[in-house]
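A.B. asks: Here it is, the structure, as structure tokens.
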Amino acid sequence: MTVHVQPCAAPAEDPVSRAVRTESGQREVFCGLTGIVWLHRKIQDAFFLVVGSRTCAHLIQSAAGVMIFAEPRFGTAIMEEKDLAGLTDANDELDRIVTQLLTRRPDIKLLFLVGSCPSEVIKLDLSRAALRLSQRFSPGVRILNYSGSGIETTFTQGEDSCLASLVPALPAAQDETSSLLVIGSLADVVEDQFMRMFDALGIGPVQFFPPRKSTALPSVGPNTKILMAQPFLPDTVRALQERGAKRLAAPFPLGVEGTTGWLRAAADAFGIDAATFDRVTEPNRVRAERALGAYKAELGGRRIFFFPDSQLEIPLARFLARELSMQLVEVGTPYLHREHLAEELKLLPAGVALTEGQDVDLQLDRCRLARPDIAVCGLGLANPLEAEGITTKWSIELVFTPIQGYEQAADLAELFARPLVRRAKLVA
């Protein structure tokens, strides 16, 4: 059975030859510290200690929505003015805080020291601190570091930096059996759904990175095949490839078409025949297509504008254009990795306006001129646009919410339909 998608108005273009506008100017994005919000829930025995300012602490606390007395698996070592002025030894204070933390929380098996804008400005070497503390607390606790700074980055790069720092700690694969490594944080329910699908297809062994426990790190080697579940992990992929792993070219598992292409890439790599693939995936495809049908009437023909924010913009645009018949006014993304997104770019309608980077004032001008039905943007732009009568969808919600796979295809469509329904009720 084939996937039913709305045909494009024009054939897709070669991803290499697509015209992309590159912009550089004032940006409107969160920093990489935001990734801690979903990573601390995913790796259940890890702790994320941000070395930063009170602003860093407020950002994570507000975004996570977790009360401090609940003892979440993240915290901030707050740098005071005397630290920034170099009047105290920040390393001594950091050692004291880490010792206090690990004494109080013996359940921590993996500690990330997370750099921020303030710690990078004063050149605090967290890599040396992590090495020093690892020697002290090994083997009970592994201590690593990465940067969550917002200097020239966007918020999803925090996960990439985190996972890349963990790659050297992955054990080497001991046998020559091919294995599949799915990389990128997924909600546990989505991970379980994919695992059942891989089992039914006869694909295995399958491992997920990041794992739910740091004591169950996946192995990697020359026979490891990488399947990207998130498009914002170039450093992690590069680090895994340096360990010998090979990346599978695939679209991302958003919507029916994306999920089918994603699973097919794995099936082809493991020699699964087409008949088996169709038999296993058909019930899920049919159910997902039926569920999407309820949203086509609401979203079909609606015009959408993507501001660059999460790096999910291109897969989302493909899903909305091909499966829900939405019209793409402009698709902006902070960074465009042409190799990793090649399968997605092939599926975008010809002639769609693509933008890499951000000059927020120019993009706001184009959005106001176009007057789309809905704009996907960061929180900082949402309220001003809503005040101007432009319906918005927060891009960060698309990272926090389980949207991958067949079972979540309709949920993903609803995320875009809901703001339009709300706007219609408000003006009625």
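Here the Cβ of each residue, glycine as well, is placed from N, Cα and C on the backbone.
Positions annotated as [4Fe-4S] cluster binding site by Swiss-Prot, on the basis of sequence analysis: CYS31, CYS56, CYS117.
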A.B. asks: Under 8 Å Cβ-Cβ from CYS117 ([4Fe-4S] cluster binding site), six or more apart in the same chain: what's there?
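C.D. replies: Listed in sequence order: CYS31, GLY52, SER53, CYS56, SER149, GLY150, ILE151.
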A.B. asks: Got a sec? Which of these binding-site residues, CYS31, CYS56, has the most Cβ atoms within 10 Å?
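C.D. replies: Answer returned by the neighbour count: CYS56.
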A.B. asks: Three-state secondary structure of CYS56 ([4Fe-4S] cluster binding site) from DSSP?
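C.D. replies: It is helical.
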A.B. asks: For the recorded [4Fe-4S] cluster site, enumerate neighbouring residues of the same chain (Cβ within 8 Å of the Cβ centroid of CYS31, CYS56, CYS117, site residues themselves excluded), in sequence order.
C.D. replies: GLY32, LEU33, GLY52, SER53, THR55, LEU59, SER116, PRO118, GLY148, SER149, GLY150
